[in-house]
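**Student:** First the structure, which I've put down as C-alpha coordinates, then a few questions once you've had a look.
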Amino acid sequence: MRHSLTKLLAASGRDFPSRRDSREPPATRAPPREPSGAAAGAETPRPGSPDREQPHGDGDGGEPEARSGSRGSVAVRAPAPSPLKMEEEEEDAIAMVPKEEPEDMDFLSGLELADLLDPRQPDWHLEPGLSSPGPLSSSGGGSESGGLLRGDDDDDTAAAEMQRFSDLLQRLLNGIGGCSSGGDRGGGEKRRRKSPGAGGGGANDGNQAATKSPRKAAAAAARLNRLKKKEYVMGLESRVRGLAAENQELRAENRELGKRVQALQEESRYLRAVLANETGLARLLSRLSGVGLRLTTSLFRDSPAGDHDYALPVGKQPPEPREEDDAAGGVCLHVDKDKVSVEFCSACARKASSSLKM
(Lines of atoms letter the chains of each structure in order from A and count residues from 1; the text may use other names and numbers.)
(Lines give C-alpha, C1' and ligand atoms only; values in the text may rest on other atoms or scores of the structure.)
Protein backbone atom coordinates (compact mmCIF):
# COMPACT_ATOMS: atom_id res chain seq x y z
CA MET A 1 0.00 0.00 0.00
CA ARG A 2 2.83 2.38 0.81
CA HIS A 3 4.42 1.68 -2.56
CA SER A 4 1.17 2.48 -4.39
CA LEU A 5 0.80 5.77 -2.45
CA THR A 6 4.37 6.66 -3.36
CA LYS A 7 3.51 6.07 -7.01
CA LEU A 8 0.42 8.31 -6.74
CA LEU A 9 2.38 11.13 -5.12
CA ALA A 10 5.15 10.81 -7.70
CA ALA A 11 2.60 11.01 -10.53
CA SER A 12 0.94 14.05 -8.99
CA GLY A 13 4.40 15.60 -8.58
CA ARG A 14 5.04 15.32 -12.31
CA ASP A 15 2.02 17.40 -13.21
CA PHE A 16 2.09 19.78 -10.29
CA PRO A 17 5.20 21.88 -11.25
CA SER A 18 3.94 22.38 -14.78
CA ARG A 19 0.50 23.47 -13.55
CA ARG A 20 2.07 25.80 -11.03
CA ASP A 21 4.40 27.26 -13.63
CA SER A 22 1.54 27.78 -16.06
CA ARG A 23 -0.40 29.73 -13.46
CA GLU A 24 2.52 31.83 -12.28
CA PRO A 25 5.23 32.76 -14.78
CA PRO A 26 8.77 32.77 -13.42
CA ALA A 27 9.36 36.36 -14.47
CA THR A 28 6.50 37.79 -12.44
CA ARG A 29 6.95 35.59 -9.38
CA ALA A 30 7.43 37.84 -6.38
CA PRO A 31 9.92 36.90 -3.67
CA PRO A 32 8.42 35.98 -0.33
CA ARG A 33 7.98 38.84 2.04
CA GLU A 34 9.54 38.97 5.45
CA PRO A 35 7.22 37.57 8.10
CA SER A 36 8.23 40.20 10.65
CA GLY A 37 7.70 43.09 8.29
CA ALA A 38 4.40 41.75 7.10
CA ALA A 39 3.25 41.21 10.62
CA ALA A 40 4.29 44.70 11.60
CA GLY A 41 2.58 46.22 8.61
CA ALA A 42 -0.51 44.19 9.32
CA GLU A 43 -0.69 45.27 12.94
CA THR A 44 -0.39 49.03 12.35
CA PRO A 45 -3.62 49.64 10.37
CA ARG A 46 -6.97 49.34 12.02
CA PRO A 47 -10.34 49.36 10.26
CA GLY A 48 -11.91 52.17 12.25
CA SER A 49 -8.90 54.51 13.01
CA PRO A 50 -8.30 56.96 10.17
CA ASP A 51 -6.18 59.17 12.45
CA ARG A 52 -3.48 56.49 12.56
CA GLU A 53 -3.46 56.00 8.85
CA GLN A 54 -2.54 59.61 8.15
CA PRO A 55 0.84 59.57 9.95
CA HIS A 56 1.63 56.33 8.24
CA GLY A 57 1.04 57.98 4.93
CA ASP A 58 3.08 61.02 5.87
CA GLY A 59 5.97 58.98 7.15
CA ASP A 60 6.16 56.90 4.04
CA GLY A 61 5.67 59.83 1.71
CA GLY A 62 9.24 59.76 0.53
CA GLU A 63 8.97 56.19 -0.64
CA PRO A 64 5.92 56.71 -2.87
CA GLU A 65 7.55 59.78 -4.29
CA ALA A 66 10.69 57.85 -5.11
CA ARG A 67 8.67 55.10 -6.75
CA SER A 68 6.67 57.59 -8.70
CA GLY A 69 9.82 59.26 -9.86
CA SER A 70 11.26 55.99 -11.05
CA ARG A 71 8.10 55.11 -12.99
CA GLY A 72 7.85 58.33 -14.91
CA SER A 73 8.12 61.19 -12.47
CA VAL A 74 4.40 61.09 -11.77
CA ALA A 75 3.53 61.71 -8.14
CA VAL A 76 0.75 59.35 -7.14
CA ARG A 77 -0.39 59.07 -3.57
CA ALA A 78 -1.07 55.49 -2.39
CA PRO A 79 -4.73 55.04 -1.46
CA ALA A 80 -5.63 54.05 2.04
CA PRO A 81 -5.95 50.27 2.37
CA SER A 82 -9.47 48.99 2.85
CA PRO A 83 -10.35 46.89 5.92
CA LEU A 84 -10.98 43.81 3.76
CA LYS A 85 -7.57 44.10 2.16
CA MET A 86 -5.96 44.57 5.53
CA GLU A 87 -7.59 41.41 6.82
CA GLU A 88 -6.35 39.50 3.77
CA GLU A 89 -2.83 40.79 4.37
CA GLU A 90 -3.01 39.67 7.98
CA GLU A 91 -4.12 36.21 6.94
CA ASP A 92 -1.32 36.04 4.35
CA ALA A 93 1.21 37.12 6.93
CA ILE A 94 0.02 34.50 9.39
CA ALA A 95 0.13 31.90 6.64
CA MET A 96 3.70 32.92 5.74
CA VAL A 97 4.94 32.30 9.28
CA PRO A 98 6.77 28.92 9.22
CA LYS A 99 5.06 26.43 11.48
CA GLU A 100 4.68 22.70 11.71
CA GLU A 101 1.93 21.55 9.41
CA PRO A 102 -0.78 19.44 11.06
CA GLU A 103 -0.91 15.84 10.11
CA ASP A 104 -4.16 15.95 8.19
CA MET A 105 -5.37 15.66 4.63
CA ASP A 106 -5.29 19.48 3.86
CA PHE A 107 -2.23 19.13 1.66
CA LEU A 108 -4.18 16.79 -0.63
CA SER A 109 -6.70 19.54 -1.50
CA GLY A 110 -4.65 20.58 -4.52
CA LEU A 111 -4.84 17.15 -6.11
CA GLU A 112 -7.57 16.47 -8.61
CA LEU A 113 -9.20 13.15 -9.31
CA ALA A 114 -8.56 13.55 -13.02
CA ASP A 115 -4.81 13.80 -12.36
CA LEU A 116 -4.79 10.58 -10.34
CA LEU A 117 -7.11 8.62 -12.63
CA ASP A 118 -5.76 9.86 -15.95
CA PRO A 119 -6.29 7.03 -18.53
CA ARG A 120 -3.22 8.19 -20.42
CA GLN A 121 -1.08 7.20 -17.45
CA PRO A 122 -2.25 3.70 -16.47
CA ASP A 123 1.09 2.95 -14.80
CA TRP A 124 3.16 5.31 -12.74
CA HIS A 125 6.80 4.35 -12.24
CA LEU A 126 9.27 6.38 -10.26
CA GLU A 127 12.26 7.51 -12.24
CA PRO A 128 15.67 7.32 -10.61
CA GLY A 129 16.17 11.09 -10.36
CA LEU A 130 12.57 12.07 -9.67
CA SER A 131 11.64 13.28 -6.23
CA SER A 132 8.19 13.74 -4.83
CA PRO A 133 6.91 17.30 -4.44
CA GLY A 134 6.33 19.02 -1.18
CA PRO A 135 2.91 19.54 0.31
CA LEU A 136 0.51 21.68 -1.69
CA SER A 137 -0.72 25.00 -0.45
CA SER A 138 -3.79 25.10 1.70
CA SER A 139 -5.47 27.55 -0.70
CA GLY A 140 -5.29 25.11 -3.62
CA GLY A 141 -2.22 26.74 -5.22
CA GLY A 142 -4.31 29.36 -7.05
CA SER A 143 -2.97 32.54 -5.41
CA GLU A 144 0.59 33.78 -5.47
CA SER A 145 0.62 34.40 -1.72
CA GLY A 146 -0.77 30.92 -0.87
CA GLY A 147 1.30 28.44 1.09
CA LEU A 148 4.99 27.96 1.51
CA LEU A 149 6.51 26.84 -1.82
CA ARG A 150 9.45 24.49 -1.68
CA GLY A 151 11.96 23.70 -4.34
CA ASP A 152 12.20 20.35 -6.09
CA ASP A 153 15.78 19.91 -5.02
CA ASP A 154 14.88 19.52 -1.34
CA ASP A 155 15.01 15.71 -1.32
CA ASP A 156 15.28 15.35 2.44
CA THR A 157 12.20 17.43 3.08
CA ALA A 158 10.27 15.52 0.43
CA ALA A 159 11.27 12.18 1.98
CA ALA A 160 10.17 13.40 5.42
CA GLU A 161 6.84 14.57 4.00
CA MET A 162 6.40 11.23 2.26
CA GLN A 163 7.03 9.37 5.51
CA ARG A 164 4.59 11.65 7.31
CA PHE A 165 2.01 11.09 4.60
CA SER A 166 2.37 7.30 4.80
CA ASP A 167 2.08 7.41 8.61
CA LEU A 168 -1.02 9.57 8.34
CA LEU A 169 -2.65 7.18 5.88
CA GLN A 170 -1.80 4.24 8.12
CA ARG A 171 -3.42 5.98 11.10
CA LEU A 172 -6.45 6.84 9.00
CA LEU A 173 -6.83 3.23 7.92
CA ASN A 174 -6.44 2.03 11.50
CA GLY A 175 -9.04 4.56 12.61
CA ILE A 176 -11.47 3.37 9.94
CA GLY A 177 -10.99 -0.25 11.02
CA GLY A 178 -11.45 0.67 14.67
CA CYS A 179 -14.61 2.60 13.84
CA SER A 180 -16.02 -0.35 11.90
CA SER A 181 -15.19 -2.78 14.70
CA GLY A 182 -16.64 -0.38 17.23
CA GLY A 183 -19.78 -0.12 15.11
CA ASP A 184 -20.03 -3.89 15.02
CA ARG A 185 -19.63 -4.07 18.76
CA GLY A 186 -22.21 -1.32 19.20
CA GLY A 187 -24.62 -3.17 16.91
CA GLY A 188 -24.09 -6.35 18.90
CA GLU A 189 -24.75 -4.47 22.15
CA LYS A 190 -27.90 -2.94 20.65
CA ARG A 191 -29.12 -6.32 19.56
CA ARG A 192 -28.46 -7.70 23.01
CA ARG A 193 -30.29 -4.75 24.55
CA LYS A 194 -33.23 -5.22 22.20
CA SER A 195 -33.46 -8.88 23.07
CA PRO A 196 -32.46 -9.10 26.76
CA GLY A 197 -33.92 -12.57 27.09
CA ALA A 198 -31.77 -13.95 24.31
CA GLY A 199 -28.64 -14.28 26.45
CA GLY A 200 -30.57 -15.78 29.33
CA GLY A 201 -32.32 -18.13 26.93
CA GLY A 202 -28.99 -19.32 25.57
CA ALA A 203 -27.69 -19.90 29.10
CA ASN A 204 -30.87 -21.71 30.01
CA ASP A 205 -30.61 -23.82 26.88
CA GLY A 206 -27.01 -24.68 27.78
CA ASN A 207 -28.02 -25.61 31.32
CA GLN A 208 -30.92 -27.69 30.05
CA ALA A 209 -28.63 -29.45 27.59
CA ALA A 210 -26.11 -30.09 30.38
CA THR A 211 -28.84 -31.51 32.61
CA LYS A 212 -30.40 -33.51 29.82
CA SER A 213 -27.15 -35.10 28.72
CA PRO A 214 -26.72 -37.19 31.93
CA ARG A 215 -30.37 -38.13 31.78
CA LYS A 216 -30.00 -39.26 28.19
CA ALA A 217 -26.91 -41.27 29.10
CA ALA A 218 -28.71 -42.89 32.04
CA ALA A 219 -31.75 -43.66 29.88
CA ALA A 220 -29.54 -45.21 27.21
CA ALA A 221 -27.72 -47.30 29.82
CA ALA A 222 -31.02 -48.46 31.33
CA ARG A 223 -32.35 -49.35 27.88
CA LEU A 224 -29.19 -51.32 27.15
CA ASN A 225 -29.49 -53.16 30.45
CA ARG A 226 -33.11 -54.00 29.71
CA LEU A 227 -32.18 -55.33 26.30
CA LYS A 228 -29.41 -57.44 27.82
CA LYS A 229 -31.73 -58.82 30.48
CA LYS A 230 -34.39 -59.58 27.90
CA GLU A 231 -31.89 -61.39 25.72
CA TYR A 232 -30.58 -63.33 28.74
CA VAL A 233 -34.11 -64.34 29.78
CA MET A 234 -34.97 -65.40 26.24
CA GLY A 235 -31.83 -67.53 26.16
CA LEU A 236 -32.73 -69.10 29.47
CA GLU A 237 -36.26 -69.82 28.28
CA SER A 238 -35.04 -71.47 25.10
CA ARG A 239 -32.56 -73.51 27.12
CA VAL A 240 -35.28 -74.55 29.56
CA ARG A 241 -37.51 -75.66 26.70
CA GLY A 242 -34.70 -77.74 25.22
CA LEU A 243 -33.83 -79.27 28.56
CA ALA A 244 -37.50 -80.04 29.26
CA ALA A 245 -37.84 -81.92 25.95
CA GLU A 246 -34.64 -83.82 26.66
CA ASN A 247 -35.87 -84.61 30.15
CA GLN A 248 -39.08 -86.07 28.81
CA GLU A 249 -37.16 -88.26 26.39
CA LEU A 250 -34.85 -89.43 29.15
CA ARG A 251 -37.78 -90.19 31.43
CA ALA A 252 -39.50 -92.29 28.76
CA GLU A 253 -36.30 -94.20 28.15
CA ASN A 254 -35.85 -94.67 31.87
CA ARG A 255 -39.32 -96.15 32.17
CA GLU A 256 -38.65 -98.58 29.35
CA LEU A 257 -35.39 -99.60 30.88
CA GLY A 258 -37.04 -100.08 34.25
CA LYS A 259 -39.61 -102.36 32.71
CA ARG A 260 -36.93 -104.34 30.96
CA VAL A 261 -34.98 -104.72 34.17
CA GLN A 262 -38.08 -105.93 35.99
CA ALA A 263 -38.81 -108.54 33.30
CA LEU A 264 -35.25 -109.77 33.43
CA GLN A 265 -35.48 -110.08 37.15
CA GLU A 266 -38.63 -112.20 36.86
CA GLU A 267 -37.05 -114.40 34.21
CA SER A 268 -33.97 -114.93 36.33
CA ARG A 269 -36.11 -115.97 39.26
CA TYR A 270 -38.07 -118.36 37.03
CA LEU A 271 -34.92 -119.95 35.71
CA ARG A 272 -33.62 -120.37 39.21
CA ALA A 273 -36.89 -122.15 40.15
CA VAL A 274 -36.61 -124.44 37.12
CA LEU A 275 -33.16 -125.39 38.17
CA ALA A 276 -34.45 -126.07 41.64
CA ASN A 277 -37.14 -128.39 40.14
CA GLU A 278 -34.68 -130.09 37.94
CA THR A 279 -35.19 -133.62 39.30
CA GLY A 280 -38.93 -133.74 38.74
CA LEU A 281 -38.66 -132.24 35.29
CA ALA A 282 -35.93 -134.67 34.38
CA ARG A 283 -38.06 -137.67 35.34
CA LEU A 284 -41.03 -136.35 33.34
CA LEU A 285 -39.00 -135.59 30.30
CA SER A 286 -37.33 -139.01 30.47
CA ARG A 287 -40.68 -140.70 30.40
CA LEU A 288 -41.72 -138.62 27.38
CA SER A 289 -38.72 -139.77 25.48
CA GLY A 290 -39.89 -143.39 25.83
CA VAL A 291 -43.15 -142.57 24.07
CA GLY A 292 -41.27 -141.94 20.88
CA LEU A 293 -41.81 -138.18 20.61
CA ARG A 294 -39.04 -135.80 19.65
CA LEU A 295 -38.34 -133.09 22.20
CA THR A 296 -37.30 -129.55 21.12
CA THR A 297 -36.83 -126.22 22.95
CA SER A 298 -36.45 -122.54 22.05
CA LEU A 299 -34.37 -121.69 25.02
CA PHE A 300 -31.15 -121.44 23.06
CA ARG A 301 -32.78 -120.15 19.92
CA ASP A 302 -33.73 -116.60 18.95
CA SER A 303 -37.45 -116.27 18.54
CA PRO A 304 -38.56 -115.02 15.16
CA ALA A 305 -40.09 -111.59 14.84
CA GLY A 306 -43.78 -111.58 15.68
CA ASP A 307 -43.56 -114.75 17.80
CA HIS A 308 -44.96 -114.49 21.26
CA ASP A 309 -42.19 -113.99 23.72
CA TYR A 310 -43.35 -114.41 27.22
CA ALA A 311 -40.08 -113.09 28.60
CA LEU A 312 -40.74 -109.58 27.24
CA PRO A 313 -42.29 -107.15 29.70
CA VAL A 314 -46.08 -106.98 29.65
CA GLY A 315 -48.08 -103.80 29.25
CA LYS A 316 -49.53 -103.80 32.73
CA GLN A 317 -47.44 -103.29 35.76
CA PRO A 318 -46.58 -106.74 37.11
CA PRO A 319 -47.29 -107.53 40.72
CA GLU A 320 -44.67 -107.36 43.35
CA PRO A 321 -42.04 -110.04 42.90
CA ARG A 322 -42.41 -112.98 45.17
CA GLU A 323 -39.75 -114.50 47.17
CA GLU A 324 -37.66 -117.31 45.77
CA ASP A 325 -39.49 -120.02 47.80
CA ASP A 326 -42.85 -119.12 46.32
CA ALA A 327 -41.56 -118.74 42.73
CA ALA A 328 -43.14 -121.07 40.17
CA GLY A 329 -40.65 -123.35 38.53
CA GLY A 330 -42.75 -125.20 35.97
CA VAL A 331 -42.22 -125.56 32.25
CA CYS A 332 -44.54 -125.38 29.28
CA LEU A 333 -45.00 -128.58 27.34
CA HIS A 334 -46.35 -127.97 23.87
CA VAL A 335 -47.62 -131.00 21.96
CA ASP A 336 -48.33 -130.49 18.26
CA LYS A 337 -49.26 -133.77 16.55
CA ASP A 338 -46.16 -135.85 16.84
CA LYS A 339 -43.99 -133.00 18.13
CA VAL A 340 -43.53 -132.12 21.76
CA SER A 341 -41.89 -128.81 22.75
CA VAL A 342 -40.76 -127.75 26.17
CA GLU A 343 -40.81 -123.93 26.71
CA PHE A 344 -39.66 -122.00 29.67
CA CYS A 345 -42.14 -119.18 30.23
CA SER A 346 -42.49 -117.26 33.48
CA ALA A 347 -45.95 -116.01 32.57
CA CYS A 348 -47.21 -119.55 32.01
CA ALA A 349 -45.59 -120.61 35.27
CA ARG A 350 -47.31 -117.79 37.17
CA LYS A 351 -50.63 -118.72 35.59
CA ALA A 352 -50.16 -122.40 36.44
CA SER A 353 -49.18 -121.64 40.00
CA SER A 354 -52.09 -119.27 40.46
CA SER A 355 -54.52 -121.90 39.03
CA LEU A 356 -53.11 -124.56 41.32
CA LYS A 357 -53.61 -122.34 44.33
CA MET A 358 -57.25 -121.92 43.48
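Please read every residue number as a count from 1 along the shown chain.
A Cβ is built for glycine as well, from the same backbone N, Cα and C atoms used for every other residue.
Here's the feature list from Swiss-Prot:
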REGION    1-92  region 'Disordered'
COMPBIAS  16-26  compositional bias 'Basic and acidic residues'
COMPBIAS  49-68  compositional bias 'Basic and acidic residues'
MOD_RES   Ser49  phosphoserine
REGION    119-163  region 'Disordered'
COMPBIAS  127-138  compositional bias 'Low complexity'
COMPBIAS  139-149  compositional bias 'Gly residues'
REGION    176-218  region 'Disordered'
COMPBIAS  176-185  compositional bias 'Gly residues'
COMPBIAS  205-218  compositional bias 'Low complexity'
DOMAIN    208-271  domain 'bZIP'
REGION    223-230  region 'Basic motif'
REGION    236-271  region 'Leucine-zipper'
MOTIF     307-310  motif 'HCFC1-binding motif (HBM)'
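Explain the structural surroundings of these features, please.
**Tutor:** As a whole-number mean, the pLDDT of the domain 'bZIP' (208-271) in this prediction is 90.
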**Student:** Report the DSSP secondary-structure composition of the region 'Basic motif' (223-230) as helix, strand and coil residue counts.
**Tutor:** 8 helix, 0 strand, 0 coil
